[in-house]
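Some notes on the structure that comes next.
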Amino acid sequence: MQMMTRDVLLEMELEEDDDDDGDIVLENLEQTIVSGFGSLESQQDFRTPEFEEFNGKLDSLFFNDGQRRIDFVLVYEDESRKETNKKGSNEKQRRKRRAYESNLICDGLQLEATRSLLDDKLVFVKVHAPWEVLCTYAEIMHIKLPLKPNDLKTRSSAFDNFNWFTKVLQVDESIIKPEQEFFTAPFEKNRMNDFYIQDRDTFFNPATRSRIVHFILSRIKYQVRDNVKKFGINKLVSSGIYKAAFPLHDCNFSSPSEDLSCPNERYLLYREWAHPRSIYKKQPLDLIRKYYGEKIGIYFAWLGYYTQMLLLAAVVGVACFLYGYFNQNNCTWSKEVCDPDIGGKIIMCPQCDKLCPFWKLNITCESSKKLCLFDSFGTLVFAVFMGVWVTLFLEFWKRRQAELEYEWDTVELQQEEQARPEYEARCTHVVINEITQEEERIPFTTWGKCIRITLCASAVFFWILLIIASVIGIIVYRLSVFIVFSAKLPKNLNGTDPIQKYLTPQMATSVTASLISFIIIMILNTIYEKVAIMITNFELPRTQTDYENSLTMKMFLFQFVNYYSSCFYIAFFKGKFVGYPGDPVYWLGKYRNEECDPGGCLLELTTQLIIIMGGKAIWNNIQEVLLPWVMNLIGRCRTVSGAEKKAPRWEQDYHLQPMGKLGLFYEYLEMIIQFGFVTLFVASFPLAPLLALVNNILEIRVDAWKLTTQYRRMVPEKAQDIGAWQPIMQGIAILAVVTNAMIIAFTSDMIPRLVYYWSFSVPPYGDHPHYTMEGYINNTLSYFNVADFKSKSKENPYTELGDYTTCRYRDFRYPPGHPQEYKHNIYYWHVIAAKLAFIIVMEHIIYSVKFFISYAIPDVSKSTKSKIRREKYLTQKLLHENHLKDMTKNMGVIAERMIAVVDNNIRPKSD
């Protein structure tokens, strides 16, 4: 039988290798997997799972014997019942699976197979890890387990004095009972008596059991080829040998389990967290962490804290918006635009060549009124506030994160994280460790690492250039379509047609370009996600944390350019380099650069933000809610035909949607992109925090509903913090100060208005006896002689568009006939100086406040530091005392034996 087992592996050497993922050199296997249960080649027989009929217990989480708990489920399609002619391929898959399952059994796991009740082609292999296996791998994985109950003082809240108010928001502790806290230490088998083991069945909770079993499944071999072993459940699932692999939910989400021993944690999470009626309640973070693991728990803790902080930003943003709303009647420059005697008599120059007509300034009346809502003094106050708010949020989150590290026992997580199986598979080069001076294996040399980094950086740079090319394409679209809209849309304002008030060439161009930009963004996102994963896989990071951080940086760098490039163009480039009507600036020598409205580009930037933020939120909700719901509905309809059949727990979970390889990566990415919109361009849209707040309140519950009802249970994973997202947010916070200062200075008209009010409305530059905004529009529009159009064309292209001698354009230049005609005037240089001074002052003030806040607020609170030190001290003391007790006990036993030996030797002599 031993030879037959070896023949199965040896025959596989001749098979064609479809992928190198999961390969590992034979001689390296024993160094990466420490096991006392033998291997396939050393066993006397070929082992297969026990086939059992379903016992009818729908809610059971155990094998048919009712004793062994199901820690993981593997699903495959029986090749003998497949409707296909590829017999050779089916046989190869069957042999690989049998070899894999045999090695699982040889490694100590227990398997039980049950055929599906709904589809007789499907077979469910239930996996159970016995006590010895759990203990062995808990020591290998350095899992921290309870030593004794924690007798330290429980954490207190700053809102304890307002329990009468916060009690409504808290989770009902009679429903979700608080978890008992323990002192913990990395598990060691030879010190098992030191640990708090009251019941072997509950010492390892279900999440820890699933995590250990997944660790084993990811490293068990199934094929040999050229002295290289292929291994890992991920490779088997991706190649179709198994259909799925997942841990079980503990019950149905809509009703508690009939099994009295079931904790019904999924039901409790749905009832107290995911259900819409709990939308106002705080999240049960401890139960989320217990059921799904620290990685998901820290995400929802961060999202909840971010949403709480958005409440303050939203209140201030709404106050600033209302300030603009109630003061729009005092917006003198908007009144001048709408006044038929002022704006109605100002003839503006054509904004493109040949097709564009002359137009009256008052057709932009409605847009100027809307601009008054956002381009006000309240916007400046809000931009400064947001610069301080983002620092407060990041600093207080660090403190909250440190508290969670202590409460969830992840303070020393980095020391226990294992290398990824894909990394271990490539460790073929032997080097000497500089610290231990021992041999260790690495996947590639220093030169090979440099080549990989260079290739990865080049690929990322290429895709960023592709995004920039798409942005240039959008700009060309803006320039070309503006000509069409200018020729087709009404030239004069007709008060009887309300559509004409809003459908200006500028607005039509802005809206259509924003929609096209959003579509291109989503298409490029879909493509680049796959490219980024391929690049990161090629880079081969060592641990899962390193892998996710590397992928995070690549994805965010791409998304940053993808989502924000159009906003940066509108804010800082559009209308800034247009020349003047007699000498315009051309893109690519063909397209005339587009101009802003007389009120500036701020309103267009606001429109762009609303479309992208709103469109992104709608698109994400469709993907997150409707897509898995529809897929599950289709799956149920396909599976259940005729009479309804009740399926066991593992079969119900199989028909749910898989979470995906990257887990919560896309959830983080979605929120960080939103965080960028809320902070980078908030000076143009004070209501952005309010929209983000509403979206996030729904997002928390949608994500909770999705996890508890539509997706299979994820493998619980450890996480100490939010990873690379933390430095990304810090970088956004620093950049936000610059962008908001530049938006106020260069995109809005706040600085030119202030310069006019304080300097050019009164002598020596103005004619008014007191400071006023009257005459601002006339002062900021320069004159151009229509006859000077001939300088760029043999024939004047505008002679048929109206009998005008002069027209106006947005700039600060000397009029025709002046010795320095069409050169920048003194007003222009005053405005430039004021803008630069404003940016420098605003940046220095906010950066100084940010630095002071960062210095004044420590990352870890004093109480948390004390708790960590005390727990470490008590843990060491407990282990030391237990060690002394064991030594004393052993010494006592040795002394008794020695006394007995001496007595036996002396007694015969005395006799």
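The backbone N, Cα and C atoms fix where each Cβ goes, and this holds for glycine too.
Marked as domain 'Anoctamin dimerisation' by TrEMBL: 62-285. Summarising the annotation, TrEMBL assigns domain 'Anoctamin transmembrane' to 288-871. Look at TrEMBL and you will find 299-326, 377-397, 460-487, 507-528, 555-573, 671-694, 722-746, 826-847 tagged as transmembrane segment.
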Thinking of Cβ pairs under 8 Å, which stretch from 507-528, 555-573, 671-694 has the most of them with the transmembrane segment (722-746)? 671-694
Determine which residues of the chain contact the transmembrane segment (671-694) at the Cβ level, with the cut-off under 8 Å and only residues 6 or more beyond its ends counted. 303, 306-307, 310-311, 313-314, 316-318, 320-321, 324, 374, 378-380, 382-383, 386, 390, 556, 559-560, 563-564, 567, 571, 602, 605-606, 609-610, 612-614, 616-617, 725, 728-729, 732-733, 735-736, 739-740, 743-744, 747-748
If one takes Cβ-Cβ under 8 Å and requires six or more residues beyond its ends, the residues near the transmembrane segment (826-847) are 383-384, 387-388, 737-738, 741-742, 744-746, 751-752, 754-756, 759-760, 765, 779-780, 811-813
On the domain 'Anoctamin dimerisation' (62-285), the mean of the pLDDT values is 83
